[in-house]
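Enquirer: Straight out of TrEMBL:
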type	residues	note
DOMAIN	18-260	domain 'G-protein coupled receptors family 1 profile'
TRANSMEM	6-29	transmembrane segment
TRANSMEM	36-64	transmembrane segment
TRANSMEM	70-93	transmembrane segment
TRANSMEM	113-138	transmembrane segment
TRANSMEM	158-177	transmembrane segment
TRANSMEM	209-228	transmembrane segment
TRANSMEM	240-262	transmembrane segment
Amino acid sequence: VSPWDIALCATGTAVAGENALVLAVLFYTPSLRAPMFLLIGSLALADLLAGLGLVANFAVRYLLRPPSEAAELAAAGLLLAAFSASVCSLLAITVDRYLSLYNALTYHSERTLGFTCAMVLLMWLLCLGVGLLPLLGWNCLRDQSACSILRPVTKDNAAVLAVTFLLLFALMMQLYLQICKIAFRHAQQIAVQHQFIATAQATSTRKGLSTLSLILGTFALCWIPFAIYSLVADSSYPVVYTYSLALPATCNSLINPIIYAFRNPDIQKSLWLACCGCVPSTFSSRPRTSSDV
């Protein structure tokens, strides 16, 4: 058994457990029903499935005897669908944060829960379609020379997925740059009108910008090297290179709950209530605003 596969399986188990906790908090807390939390739930579900996909891939490779092509393709499809949904959920959260600032006055009336549910459902149907591609012919089981590092996906199809991912990342980065501009403009407008409020707004803006740096930096460090490697490499490359880049990419699903869920004051409050039945007196009760990017 490869130690790399054991590490991926252990990571998948941790990812599944952590994101299951996020989903449990969202499900059992009636107050967490806003569109923003639905998107966080979508991300947690995608990462949960990604963790289960890593465990399933390990089971298919080492525990299933005799090996089954259908099981291998199904495990690969689950990983493709889950990671596609994870990236798309991150993009949806980015768009939601942008709209909450760009249309601050009409955001809550336009972005209803029903509308968000419909968009999330459409996104998941698209990602499930991506997950079916290995079963529909996007595989190299009949021609091993055509395999990419994402076996059983072919090299050409892996390149399509990598380019699509890089384009989505470029879109996310552009949206976050626009968020920064809008947040700074809001802070300057408030500073002109109310000096006292400006101090609090500046603190909120600095916190938001640090969050943006954390989001983009983590996402880029985890996924960009693996995506670029998928473009240039094939199955003839040493497998250790693939493992050493795939492991950080999967760890992104371990970090997502920390960035998007556990740092949220409302989710923190629900966790405190679930764990000890109380909320610390030092806990901040300031409501989240559209300026908290």
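Just so it is clear, glycine is given a Cβ too, placed from its N, Cα and C backbone atoms.
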Enquirer: So which of 36-64, 113-138, 209-228 is most in touch with the transmembrane segment (240-262), counting Cβ pairs under 8 Å?
Expert: 209-228
Enquirer: Under a criterion of three or more Cβ pairs within a distance under 8 Å and sequence separation of at least 6, are the transmembrane segment (158-177) and the transmembrane segment (36-64) in contact?
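Expert: Judged by the Cβ rule, the two regions do not touch, with the required three close pairs absent.
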Enquirer: Other than its close neighbours in sequence, what residues sit by the transmembrane segment (6-29), given a CB gap under 8 Å and a spacing of at least six beyond its ends?
Expert: 37, 40-41, 44-45, 47-48, 50-55, 57-58, 243, 246-247, 250-251, 253-254, 256-257, 261-262, 267, 270-271, 274
Enquirer: With Cβ-Cβ distances below 8 Å as the criterion, list the same-chain residues six or more beyond the ends of the transmembrane segment (209-228) that contact it, or say none.
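Expert: Counting only partners 6 or more residues beyond its ends, the transmembrane segment (209-228) has Cβ contacts under 8 Å with 87, 90, 162, 165-166, 169, 172-173, 176, 179-180, 183, 245-246, 248-249, 251-252, 255, 259, 263, 293.
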